[in-house]
Amino acid sequence: MSTTSDFQTGERVRVAHQGNPQSSSLQADMDAKKALLSQNLNNGHLTARPPRTTGPGIKYGEKKPKKQKGSDDDDEDYVDETMPSEDEEDFDNNEEDEDDDDYEEEGPRKRKAPSKKKLVYPRENYRREDSETPEPEMKRIRTLSDSSDDEWMTKPRLNGSESPIGNVMRTQMAKRSAASKRKIVIDDESEDDFINDEEISEKGSGKGSEKEESEGSGKDSETEEVTMKQGQSLKAAMAKAQKEQKKKAESDEDWEEDEDDMNADGDETPSDDSDIEERRAKRGETKNQKECREFFNKAKKEDLLQQARINDKIADFVLANRPFEIYGAMVAKMKGVTRGTNAIEAYMEFLEKRGILSRILDDCKDHAHTVTKDFERCTEGPLQLPLLKEGCTLHDYQLIGVKWLIMMYNKDLNAILGDEMGLGKTIQIVAFLSYLKQIGKTGPHLIVVPSSTIENWIGEFHKWCPSIQLLTYYGSQDERKHLRHRVKKQKDHIDVILTTYNMVTSKSDDKKFFKNFSLNYVIYDEGHMLKNCDSERYRGLMKVKGKKKILLTGTPLQNNLIELISLMYFVLSKVFNKYCEDITHLLQHFKQLGPALDTKNKALYQQDRIEEAKAILQPYILRRLKNQVLGSLPSKSEQIIEVEMKKPQKQLYDNIVEALQQSEESGDSYGSLMRLRQAANHPLLRRSEYTDQKLDKIAKMLCLREKAYADKKWQHVSEDLAWLSDIKIHQLCERFRCTSKFLLNEQLALKSGKCEQLDVMLPEIQKKGDKVLIFSQFTSMLDILEVYLNIRGYSYKRLDGQTPVLDRQEMINEFNLSKDLFVFLLSTRAGGLGINLTSANHIIIHDIDFNPYNDKQAEDRCHRMGQEKPVHVTRLVSKGTVEVGMLALAKKKLQLEKQVTDGVKGQLDEDALRELKEEEGGEQCGGRDLSKLLSSAISGRYDDVEDDSGDSKNGIDAEEAAKKEDEAVKEPVEKEQQKEEESQPSTSA
């Protein structure tokens with residue numbers, strides 16, 4: 001124990017310190033020297049000091065006044081129990097100290113052993129001979145010290161304050177009183193023993209001793225000249241290194257200031273302190289801070305307004321107060337305007353995100369270079385796929401596609417196979433999975449497909465590679481539960497799991513089922529399901545974990561930011577996660593727009609973002625067109641027929657237009673256009689036959705006769721019926737016997753201009769022995785066409801969203817093989833994706849879509865591999881109706897498609913497709929296009945629709961304008977499909 005002082009109160013406190021276990025060698029030397037000193041005393045070579053009155057230990061008696069010394073003079077006591085107290089001698093007088101100092105000059109300077117009672121050895125015996133046998137190690141007695149200096153022991157500071165005495169090494173005191181000190185010579189082997197416990201711990205952390213030495217060296221103006229010799233202390237060497245490092249830093253700073261002075265203007269003098277401080281502040285700016293300051297100094301007002309959180313008031317304030325010399329001054333000055341600092345923060349955030357995007361682009365450029373180079377090389381040489389069924393041969397372009405997938409697999413990269421519809425993406429995936437099984441990568445792999453294509457996938461696996469063990473996870477809730485129980489015992493034997501989008505994202509039990517597998521590849525067919533990162537479905541699909549992913553899509557990349565960003569994050573989630581937290585941060589960068597952007601500037605801004613996104617996606621997409629790879633594919637001809645509406649139909653249409661002209665409501669453009677489209681297609685899609693009086697009678701009859709309506713008031717039932725179309729009311733009356741007398745005459749199904757045109761076309765097609773596909777956007781229209789076909793006596797099949805999923809492929813196979821079936825009725829949404837109907841070569845689009853790519857998907861159901869006849873496509877348009885405007889808009893978009901050129905790896909460089917837009921299988925139109933179409937329909941003039949129909953199609957605004965209207969259509973369809981899938985029976989292989 002030792003005593004020291006609390007520097008706040010002056011109170012003496014006891015501080016415990018422990019010996020250093022690493023100082024054993026030093027202790028042994030000292031014990032040997034003590035023994036030698038004791039021997040000399042006993043032999044009479046030295047005179048003993050008069051004995052003290054108290055025993056060994058702490059002496060609290062009267063203290064001898066001591067000479068004022070530095071902190072180095074406060075030493076710790078060492079007491080030898082074997083030495084009697086009367087033999088102790090005080091060698092503190094100045095004469096002996098001078099003699100000792102003379103002796104020290106013979107060798108290197110030695111650090112003094114800290115001791116209040118100095119142990120002095122005879123000069124002739126000062127150095128122990130190597131042959132001398134050391135005495136047994138003496139026990140060290142801990143004593144209390146009167147010293148108030150705790151720093152030399154590296155004890156903790158009291159109350160967080162520094163010791164006023166200073167650090168242990170005070171070099172000016174060493175010069176002044178060197179004669180009064182003895183140094184302990186420490187050789188290389190025992191150098192570490194000089195450091196006490198806390199110094200060892202601080203040295204281990206790499207911080208403590210260096211910090212303490214630098215603090216000590218910074219307080220004193222005079223420094224000790226240290227010679228780097230064998231006996232030099234470790235602390236002295238560290239202090240010198242710290243001092244030299246500090247001098248070098250100061251020298252570098254002075255050199256930079258001198259260089260700035262030389263580069264300054266001629267009239268600037270070194271005495272100009274403000275300029276020097278300004279230059280120092282500028283040197284302290286980060287790269288982004290400097291770029292931000294330069295932007296606010298040089299940008300024009302219109303450029304300022306393009307940035308986020310900058311309005312006219314802030315822009316004017318910037319122009320009035322610039323230039324800003326340093327970033328800090330700019331921030332302080334911008335506090336003078338409301339939300340001025342927010343504008344700076346927003347621009348700094350923009351610079352940060354732009355830097356993130358640049359780093360991502362750099363990563364992708366490396367991938368693009370290697371992928372492009374290896375893609376050219378991978379087309380050379382044969383590819384053996386022995387697991388494919390004998391007799392099944394891939395086309396050359398399909399082999400290239402499989403080789404590309406293998407290359408992406410070897411590079412551990414995700415991929416998007418974007419071949420045009422009809423080029424056999426399914427077959428390429430089956431062949432690729434057979435290759436993985438061939439090399440021992442058995443999976444399991446998960447394939448997620450739309451409900452309408454699940455049977456086609458099953459058929460392709462059995463046809464091309466029956467050796468792959470396929471599990472089809474589908475069916476009702478009870479059947480899926482039973483299937484999950486069965487699979488537990490056979491999990492290791494499954495190569496591929498085939499399921500639908502709703503199965504993956506709907507029920508928690510289904511999600512847990514897929515988590516039980518360590519999935520290798522997750523493959524998504526018809527990738528438009530992953531083109532909207534704002535949807536719940538997208539977020540659910542991204543939670544499906546697999547080592548790698550493949551996306552299949554037949555549609556080209558749209559100039560749509562949401563779609564491109566969604567695909568980017570899907571393909572590059574590992575890359576993006578290094579730079580941003582999730583997709584919302586990525587989305588914010590691309591969506592960041594100023595509040596005052598006009599349409600032109602907004603389009604240019606977003607086009608730049610589109611170019612960036614496409615550049616990122618390039619290495620990961622392979623896209624080929626049919627006209628590039630299928631030279632022998634039969635031709636396809638297209639025609640548009642404008643038909644005259646029947647008089648009652650035209651009168652109904654004109655009544656709707658007149659009502660819209662008189663109406664002041666302009667918000668529901670989508671609903672108004674929908675009413676016009678229904679009237680242009682068939683009058684039964686509106687309510688004209690069932691008058692209000694008939695509806696009252698039907699309502700009263702239902703409430704009187706039917707249990708389902710017994711608790712309802714007939715007035716309320718009548719009001720509900722008033723919102724339905726004629727065909728829906730007719731179908732309701734068919735359900736109940738009591739209302740059968742209110743059924744419509746079936747001949748009304750023939751009373752439309754388009755049905756009359758079918759009377760002209762269908763007989764001619766039938767005479768040629770060809771088959772026909774008829775597509776419609778409305779299931780109600782398909783109901784009317786069924787009545788029409790029954791009246792005319794044509795055999796047909798029908799497929800829409802309500803068709804049981806597992807019945808669909810059976811219907812398709814039956815239609816392709818049967819010679820008696822003549823017509824196939826399909827809804828554009830359900831029948832336009834992933835099905836093969838090459839037995840038909842005539843396509844009739846009964847009612848066109850806002851998006852021409854939806855109609856093109858329908859065309860590709862028969863214009864694809866396996867087609868042997870020329871394909872004829874006919875679009876029916878009611879003359880003088882809103883459909884004329886829709887057709888003009890579609891022509892504009894289809895013309896833009898012709899301007900595309902080939903890009904990397906055959907991918908289309910579809911930069912010209914600015915106005916194209918596609919959302920998850922639904923028809924959709926931008927808000928501005930809806931307004932233009934409605935205005936043209938009301939005025940009856942459609943000449944100006946084509947001129948600038950795409951102005952709002954390039955960005956997110958058009959998307960948001962139609963978002964609410966689209967959700968009203970899309971959500972019920974998705975829920976209905978999900979409910980339908982859960983009610984279907986399951987199959988598993």
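From the backbone N, Cα and C atoms, a Cβ is placed for every residue, glycine too.
Among the ranges 9-12, 477-480, 525-528, the stretch that Swiss-Prot annotates as motif 'DEGH box' is 525-528.
Least packed by the Cβ count within 10 Å, out of the binding-site residues Met421, Leu423, is Met421. The Cβ of Thr426 (ATP binding site) has 21 other Cβ atoms within 10 Å, all protein chains considered.
Confidence over the domain 'Helicase ATP-binding' (406-574), given as mean pLDDT on the 0 to 100 scale, stands at 86. Within 10 Å of the C-beta of Gly422 (ATP binding site) we count 22 further C-beta atoms, all protein chains included. For Asp419 (ATP binding site), the number of other Cβ atoms no farther than 10 Å from its own Cβ, over all displayed protein chains, is 23. Counting only same-chain residues six or more apart in sequence, the Cβ atoms lying under 8 angstroms from the Cβ of Gly424 (ATP binding site) belong to His395, Gln398, Met865.
For Lys425 (ATP binding site), applying a Cβ distance below 8 Å and a minimum sequence separation of six or more within one chain yields Gly401, Leu417, Asp419, Asp525, Leu552, Gly554. Mapped onto three states, the DSSP output places Thr426 (ATP binding site) in helix.
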